[in-house]
Amino acid sequence: MATAATTSAAAIPTGGGGRRQHPHPRRPGLRPRRLHRLRLPAQAAAAAAASSPSTSSSSSSSSTPAEGGGRLVAELVGAFNELTGRMGEGLATSSSSRLLFRALKLALPALRDGDGGRALARALAIAASLADLQMDAEVISAGILREALDAGAISMRDVKSEIGISTAHLLHESLRLKHAPSKLDVLDDESASALRKFCLSYYDIRAVILELALKLDMMRHLDCLPRYLQRIKSLEVLKIYAPLAHAVGAGNLSLELEDLSFRYLFPHSYDHIDQWLRSQETENKLLIDSYKEQLLQALKDDDELSQIVQDISIQGRYKSRFSTMKKLVKDGRKPEEVNDILALRVILEPRCDGSSLDWGPRACHRTHEIIQAMWKEVPGRTKNYVTRPKENGYQSLHVAIDVSEPGKMRPLMEIQIRTKEMHKFAVGGEASHSLYKGGLTDPGEAKRLKAIMLAAAELAAMRLRDLPASDQGDSNCTNRAFCQLDKNGDGRISIEELTEVMEDLGAGGKDAKELMHLLDANSDGSLSSDEFEAFQRQIELMRSLDDKDDRYRKILKEKLQTIDSAGLIQVYRKQLGDKLLVS
């Protein structure tokens with residue numbers, strides 16, 4: 001997620017008679033500077049719009065229109081493109097696009113001031129997590145707006161009137177969930193389990209997922225809290241929210257919540273596990289890559305498998321620090337007995353042919369036979385959930401392989417074999433398998449929750465489904481951001497349409513005219529799709545440069561601090577001012 005591109009704008013001109021009052025009016029006494037009336041290329045406009053305006057203690061400096069309203073448009077378009085790009089094709093309908101666009105227009109001016117853009121960055125990071133989980137536009141919109149709602153920058157009435165009742169309902173439910181742990185006097189296993197079941201039974205499942213994304217963002221930025229609060233929050237997440245993430249099928253999110261909680265609750269133990277796993281990963285990386293290549297080639301070369309499978313992918317598997325700790329400490333295993341240090345997952349996509357319904361299981365078993373011919377299978381360790389699925393419907397074939405060589409002992413390699421459909425069922429939002437990891441061991445309870453989740457998803461899909469007649473204009477438009485700005489559907493963005501979005505963002509008509517002048521290459525007074533796409537390309541370039549700058553800054557800060565602490569360099573703040581600080 002590009003965080004640098006979401007840095008809040010400086011004071012923004014509000015001229016043009018805004019359609020809505022915003023909570024952050026222009027500071028009195030500051031007047032915007034005008035750009036020279038020169039014909040500038042699109043990259044100059046994007047650079048002016050996307051880069052952060054310089055700030056100083058002097059009250060005489062203010063933002064240019066391109067640095068104000070134009071920059072907000074760049075943020076709006078960039079964020080919109082990223083979120084719709086993360087959503088699946090089936091989710092990014094034109095109805096969904098309109099909803100996301102409205103949510104971003106409401107959130108951007110509400111979050112642009114106050115803390116250097118951190119609130120806006122958090123809101124967009126949460127929205128990106130929800131998009132990665134393939135949630136619908138209502139949930140993603142609620143994720144965008146929750147930060148502004150918590151800060152008091154918008155009200156629930158604003159959400160209802162400008163976004164919709166369904167999104168407001170999700171926000172209301174997530175706020176109730178936020179305070180659910182306060183109902184517990186003691187956070188023991190029994191109480192935590194009861195609270196998890198209560199949350200899954202009495203709250204909107206999509207609001208639960210929204211709250212999980214919020215907790216993940218909180219855990220990623222826990223360093224800013226006092227030590228005792230870090231531990232309290234981490235214990236709460238480990239006992240309640242990480243198992244909830246398993247229960248709703250968000251397995252990767254659950255793993256990250258567990259590992260972050262482990263890191264703050266038991267930092268020394270976490271460091272030991274992390275260093276050991278990193279050493280194992282470094283030592284075995286070339287080995288794993290070699291095994292993946294060998295296996296993939298063997299599967300592709302098999303004639304029998306090629307007849308029933310159209311695609312094969314082999315993935316590595318993330319090594320959970322928390323799970324590894326439990327195996328070593330709770331289960332009492334020795335390091336050499338931790339068998340998923342070397343781990344692969346084979347995902348097969350059977351050919352689409354209704355004449356044979358058993359091609360998926362056949363492909364899994366044929367893959368198993370090929371693996372047996374390549375390596376030594378460990379007797380008694382194979383688990384065939386393809387032929388005999390678990391009660392909750394989980395299907396996969398698990399194999400343990402001995403890859404040791406004479407004089408060179410290695411950990412066992414675990415390989416999971418499943419079809420694409422089985423994989424979706426196992427790790428997606430429809431997987432009852434995850435409900436067991438979430439503490440719901442009753443199959444009937446798991447099936448009931450699955451039915452609730454599917455019903456909620458179907459209801460949202462019906463609301464956001466495109467209507468052929470009303471959405472015909474949008475369906476013919478390939479650039480979703482352009483469609484949202486081209487209100488009348490004539491294939492061009494007029495100055496009136498650009499002014500309208502500027503006013504929605506808290507800027508004004510002067511900013512719109514300035515941005516139009518910068519982007520309108522043929523001077524016809526409007527923006528064509530080609531001119532707008534050139535602007536979009538430059539926005540993405542600026543966002544990627546900001547991302548790289550942020551990464552380089554962190555690397556250099558760490559390296560220069562190390563050098564400075566060793567006494568190898570001395571930097572005088574008085575000489576360099578704020579240009580280079582090594583502390």
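Note: Cβ is positioned from N, Cα and C throughout, glycine not excepted.
Copied over from Swiss-Prot, here are the features:
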type	residues	note
BINDING	D486, N488, D490, R492, E497	Ca(2+) 1 binding site
BINDING	D520, N522, D524, S526, E531	Ca(2+) 2 binding site
COMPBIAS	1-13	compositional bias 'Low complexity'
COMPBIAS	19-39	compositional bias 'Basic residues'
COMPBIAS	40-66	compositional bias 'Low complexity'
DOMAIN	119-219	domain 'HD'
DOMAIN	473-508	domain 'EF-hand 1'
DOMAIN	510-542	domain 'EF-hand 2'
REGION	1-68	region 'Disordered'
TRANSIT	1-69	transit peptide
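Positions of the features from Swiss-Prot, shown on the structure.
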residue: D486; record: Ca(2+) 1 binding site; DSSP (3 states): coil
residue: R492; record: Ca(2+) 1 binding site; DSSP (3 states): coil
residue: E497; record: Ca(2+) 1 binding site; DSSP (3 states): helix
residue: D520; record: Ca(2+) 2 binding site; DSSP (3 states): coil
residue: S526; record: Ca(2+) 2 binding site; DSSP (3 states): strand
residue: E531; record: Ca(2+) 2 binding site; DSSP (3 states): helix
Spatial neighbour of D524 (Ca(2+) 2 binding site) that is closest, considering only the binding-site residues D486, N488, R492, E497 and their CA atoms: R492
Mean of the pLDDT scores, which run from 0 to 100, over the domain 'EF-hand 2' (510-542): 77
Environment of D520, N522, D524, S526, E531, the listed Ca(2+) 2 site - residues of the same chain whose CB lies within 8 A of the CB centroid: R492, L519, A521, S523, G525, L527, S528
Binding-site residues (N488, S526), the one with most neighbouring Cβ atoms at 10 Å: S526
Top Cα neighbour of D486 (Ca(2+) 1 binding site) in the set of binding-site residues D520, N522, S526, E531: S526
The domain 'HD' (119-219): DSSP-derived helix, strand, coil residue counts: 82 helix, 0 strand, 19 coil
Inter-residue Cα distance where the pair is N488 (Ca(2+) 1 binding site) and D520 (Ca(2+) 2 binding site), in Å: 19
Using Cα positions only, nearest of the binding-site residues to D490 (Ca(2+) 1 binding site) (N522, S526, E531): S526
Closest of N488, R492, E497 to N522 (Ca(2+) 2 binding site), Cα positions, binding-site residues only: R492
Cβ neighbour count (within 10 Å, all chains shown) around E497 (Ca(2+) 1 binding site): 19
Any further residue of that chain within 8 Å (Cβ to the Cβ centroid of D486, N488, D490, R492, E497) of the recorded Ca(2+) 1 site: L485, K487, G489, G491, I493, S494, S526
Whole-number Å value for how far S526 (Ca(2+) 2 binding site) lies from E497 (Ca(2+) 1 binding site) (Cα to Cα): 10
Rounded Cα-Cα span from R492 (Ca(2+) 1 binding site) to S526 (Ca(2+) 2 binding site), Å: 6
Rounded inter-Cα distance in Å - N488 (Ca(2+) 1 binding site), E531 (Ca(2+) 2 binding site): 18
Distance, R492 (Ca(2+) 1 binding site) to E531 (Ca(2+) 2 binding site) (CA atoms, angstrom): 10
